[in-house]
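Here's the structure, in structure tokens; my notes come after.
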Amino acid sequence: MTATRIGVGGAAAPYDVVVGSGVFAELPGLVGEQAAQVAVIHPEGLAELAWPVQRVLADAGHGVLALPVPDGEAAKTASVAAGLWERLGQAGFTRSDAVVGVGGGATTDLAGFVGATWLRGVRTVLVPTTLLGMVDAAVGGKTGINTPEGKNLVGAFHPPAGVLCDLATLPGLPAADYIGGLAEVIKAGFIADTVILDLVRADPEGAVRPEGRHTREIIERAIAVKAAVVSEDLRESGRREFLNYGHTLGHAIERAEAYRFRHGYAVSVGMVFAAELARLDGRIDAAAAAAHREVLTSVGLPVTYARGAWPGLRESMRVDKKARGATVRFVVLDAIGSPAILAGPSDALLERAYEAVAV
Ligand SMILES: NC(=O)c1ccc[n+]([C@@H]2O[C@H](COP(=O)([O-])OP(=O)(O)OC[C@H]3O[C@@H](n4cnc5c(N)ncnc54)[C@H](O)[C@@H]3O)[C@@H](O)[C@H]2O)c1
Ligand SMILES: O=C(O)C(=O)C[C@@H](O)[C@H](O)[C@H](O)COP(=O)(O)O
Ligand SMILES: [Zn+2]
């Protein structure tokens with residue numbers, strides 16, 4: 001399988017997202033000859049996925065420090081990050097050393113954050129092993145952890161030196177996690193590349209499988225959307241906010257569920273809510289709002305959430321990073337493929353939009 005390279009600019013050093021098989025061979029070149037030690041951060045349950053990464057690095061003469069962390073979202077905490085800082089300190093990790101994150105988006109967010117903060121930043125390479133990690137989390141340099149007050153509230157922009165997506169890792173991913181990744185894929189379709197929506201609609205059964213007819217094209221198109229946006233606006237002072245489509249409500253749902261609700265599932269509900277906001281604000285018609293429900297449900301993503309949760313969700317949304325003072329701001333669509341910002345909608349409008357997802 002030939003590898004595809006998607007370039008990402010906008011950072012001090014441009015880098016590639018490499019998609020294919022056998023891509024781990026690029027690891028030594030990416031961590032750099034000067035790295036006497038490479039810390040490989042991976043979920044404790046996925047040691048077998050991290051093993052080939054460690055072997056390639058060891059064979060190239062790097063000292064490897066394997067750092068297992070709790071699975072998924074449980075790793076995105078200050079205490080897990082502090083434990084990793086302790087290990088790096090004990091190992092005498094210097095600025096010429098490197099961090100490699102292997103796993104889903106939660107693991108690469110944590111590994112990126114540790115890479116961003118250790119000695120104020122060391123070279124970081126990401127090896128996403130989930131669909132969501134490949135098409136979104138590992139690309140673009142947003143790193144972070146959660147706090148009790150909300151999702152990703154602490155973090156840094158720290159672009160990786162490279163992102164290696166080995167498609168052979170995807171068949172081992174539980175179906176529910178694969179489907180979670182499709183929410184970000186479909187998001188890329190709604191905000192930018194509508195061909196993604198056409199490909200999902202053309203074969204929804206194939207879309208939920210790593211071996212689907214259009215899988216590779218869908219993955220590469222979604223990465224290309226993310227790469228184009230972050231190349232133009234790394235620090236989210238403009239267009240990058242559009243990548244947050246569905247996330248304002250989505251993050252509030254994740255917090256309400258103590259992060260036991262998959263990110264992609266929460267974003268799916270959040271996109272339906274955002275579509276209703278846009279419809280009620282007169283930006284899109286009922287058909288465009290219905291298209292959200294149709295595409296998302298066609299791949300098994302949720303489009304509803306508990307009615308009684310609204311007051312808590314409304315409160316949580318105040319700490320969304322797009323808020324400015326008391327003004328909450330939402331990504332909405334002016335048309336499919338054409339995102340915009342809706343600033344300061346009234347509580348009544350928000351509540352009406354929530355009615356459309358409430359059960
Ligand atoms: N930084 C960003 O720009 C960005 C973008 C999107 C999402 N995110 C973050 O990404 C996270 C969600 O990522 P996710 O959906 O990958 O979840 P995740 O990291 O929790 O991984 C989901 C599950 O899949 C398992 N897994 C990973 N790879 C596997 C494989 N190949 N085979 C079998 N099991 C495997 C994990 O251990 C975990 O249990 C959230 O924390 C979200 O906030 C960040
Ligand atoms: O890369 C971005 O920018 C995004 O918003 C992508 C999102 O899919 C991702 O979930 C991101 O982590 C959300 O960032 P946050 O700044 O809202 O925490
Ligand atoms: Zn996301």
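Cβ from N, Cα, C; glycine included.
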Site-mate of His247, His263 for Zn(2+) in TrEMBL, selected among Glu149, Glu184, Glu351, Glu355: Glu184
For the Zn(2+) site built from Glu184, His247, His263, further residues of that chain with CB within 8 A of the site's CB center: Leu132, Asp136, Ala183, Lys187, Gly246, Gly250, Gly264, Ala266, Val267, Gly270
Inter-residue C-alpha distance, Ala75 (NAD(+) binding site) and His263 (Zn(2+) binding site) (nearest angstrom): 14
Composition by DSSP (helix, strand, coil) of residues within the domain '3-dehydroquinate synthase C-terminal' (181-323): 102 helix, 1 strand, 40 coil
From Asp71, Gly105, Thr130, Lys151, the binding-site residues whose CA lies within 10 Å of that of Glu184 (Zn(2+) binding site): none
Contacting binding-site residues for ligand 1, chosen from Ala75, Thr130, His247 when the Cβ sits under 6 angstroms of any of its atoms: Thr130
Rounded Cα separation (Å) that holds between His263 (Zn(2+) binding site) and Gly105 (NAD(+) binding site): 9
Sequence-distant neighbours of Lys151 (NAD(+) binding site) in its chain (C-beta under 8 A, six or more apart): His251, Glu254, Arg255, Tyr259
